[in-house]
Amino acid sequence: MTGASTTTATMRQRWQAVMMNNYGTPPIALASGDGAVVTDVDGRTYIDLLGGIAVNVLGHRHPAVIEAVTRQMSTLGHTSNLYATEPGIALAEELVALLGADQRTRVFFCNSGAEANEAAFKLSRLTGRTKLVAAHDAFHGRTMGSLALTGQPAKQTPFAPLPGDVTHVGYGDVDALAAAVDDHTAAVFLEPIMGESGVVVPPAGYLAAARDITARRGALLVLDEVQTGMGRTGAFFAHQHDGITPDVVTLAKGLGGGLPIGACLAVGPAAELLTPGLHGSTFGGNPVCAAAALAVLRVLASDGLVRRAEVLGKSLRHGIEALGHPLIDHVRGRGLLLGIALTAPHAKDAEATARDAGYLVNAAAPDVIRLAPPLIIAEAQLDGFVAALPAILDRAVGAP
């Protein structure tokens with residue numbers, strides 16, 4: 001049921017007829033993309049400043065990803081986890097090298113960030129301890145284990161009781177973290193920047209303090225880099241800005257350049273916790289997704305996109321702050337993961353007026369607009385957004 005009669009209106013009707021209502025009905029239906037531009041079924045174009053929520057680090061239809069996926073699919077599409085393939089091994093080798101730990105590091109592949117965090121949850125149980133510590137307002141996924149770690153009652157309460165012995169503490173509060181971690185704590189789960197809660201950046205030294213606290217108590221430090229990894233903040237892993245090495249890192253989103261793949265990297269003793277039969281994933285390490293991820297890693301390196309994310313992010317942040325718009329309180333984040341904090345809860349309105357103006361953004365909180373564009377976005381496209389932002393915000397609050 002596609003063709004000339006397909007419009008946003010008809011697509012919305014078809015969606016409502018067959019899709020579960022967990023997302024509501026999307027306001028537009030997209031048909032194609034190229035670079036940082038997407039086109040809807042009505043032929044209207046938008047600058048994509050959300051990148052599939054930090055997924056499309058190379059934008060849409062990147063030739064390197066297309067070539068890698070096409071070549072691999074024409075050779076070997078899927079094998080299950082019963083057999084080894086070159087793309088999976090090569091991808092694990094590259095991720096281990098990028099993490100750069102001075103101890104043995106091992107990788108488990110899965111399909112998403114939630115699955116990567118579930119794997120980390122299970123690793124923590126294998127320490128022989130059961131207590132976990134995470135942050136209020138954190139987001140680690142919606143499967144039951146990752147949901148238990150997610151510090152958002154609105155998402156948790158409908159599904160209670162949740163697994164685990166999880167204590168939530170204030171994000172960025174070193175004293176609260178130290179008080180919560182004891183000799184029974186298996187792991188502390190933290191995001192280097194809390195993306196889903198409004199691009200919340202912790203105080204300087206927080207991650208280093210968390211590393212010290214967990215090391216002293218013999219607990220694992222698990223860093224959820226699902227949104228902050230893949231060069232988005234100006235370092236391949238956001239925690240590398242702090243010069244620390246966690247015990248476990250989870251990764252997904254941008255790793256596959258649009259294809260579903262997640263990874264759980266474990267360092268040192270944590271790398272030896274899983275033994276045959278304790279965990280698995282039918283699709284994890286799928287050679288097509290792994291080939292796509294290898295292509296993403298190589299383009300990030302060859303095109304200098306990690307450093308570029310840092311430079312463009314600073315320019316974008318300064319440009320927005322320089323507007324001096326009364327609805328803008330401040331801009332926070334790092335690299336090309338930014339949150340425009342507003343003086344009033346108009347982020348959802350601004351998401352809609354930005355879309356009307358041809359820009360896709362996201363209301364990560366009632367008063368925060370999240371930006372997570374492709375790392376290949378042109379500077380001129382970002383400049384265009386900055387120029388359009390005052391009118392977008394004015395319309396969001398009903399100003400003439």
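Even glycines carry a Cβ here, placed using N, Cα and C.
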Among Phe139, Phe159, which is the one Swiss-Prot gives for the pyridoxal 5'-phosphate site where Gly113, Ala114, Asp224, Glu225, Val226, Gln227, Thr282 also bind? Phe139
Translate the DSSP assignment of Asp224 (pyridoxal 5'-phosphate binding site) into the three-state scheme. strand
Which site among Gln227, Ser281, Thr282 has the most other CB atoms no more than 10 Å from its CB, taking these as binding-site residues? Gln227
Can you count the other CB atoms that lie within 10 A of the CB of Glu225 (pyridoxal 5'-phosphate binding site)? 31
Sorted by position, what residues of the same chain at least six away from Arg142 (N(2)-acetyl-L-ornithine binding site) have a C-beta under 8 A from it? Ala114, Thr150, Lys155
How big is the gap, in Å, between the Cα of Val226 (pyridoxal 5'-phosphate binding site) and that of Lys253 (N6-(pyridoxal phosphate)lysine), rounded to a whole number? 6
Which binding-site residues (Gly113, Asp224, Glu225, Gln227, Ser281, Thr282) fall within 10 Å of Lys253 (N6-(pyridoxal phosphate)lysine) by Cα distance? Gly113, Glu225, Gln227
Any idea what the Cα distance is from Gly113 (pyridoxal 5'-phosphate binding site) over to Ser281 (N(2)-acetyl-L-ornithine binding site), rounded to a whole Å? 13
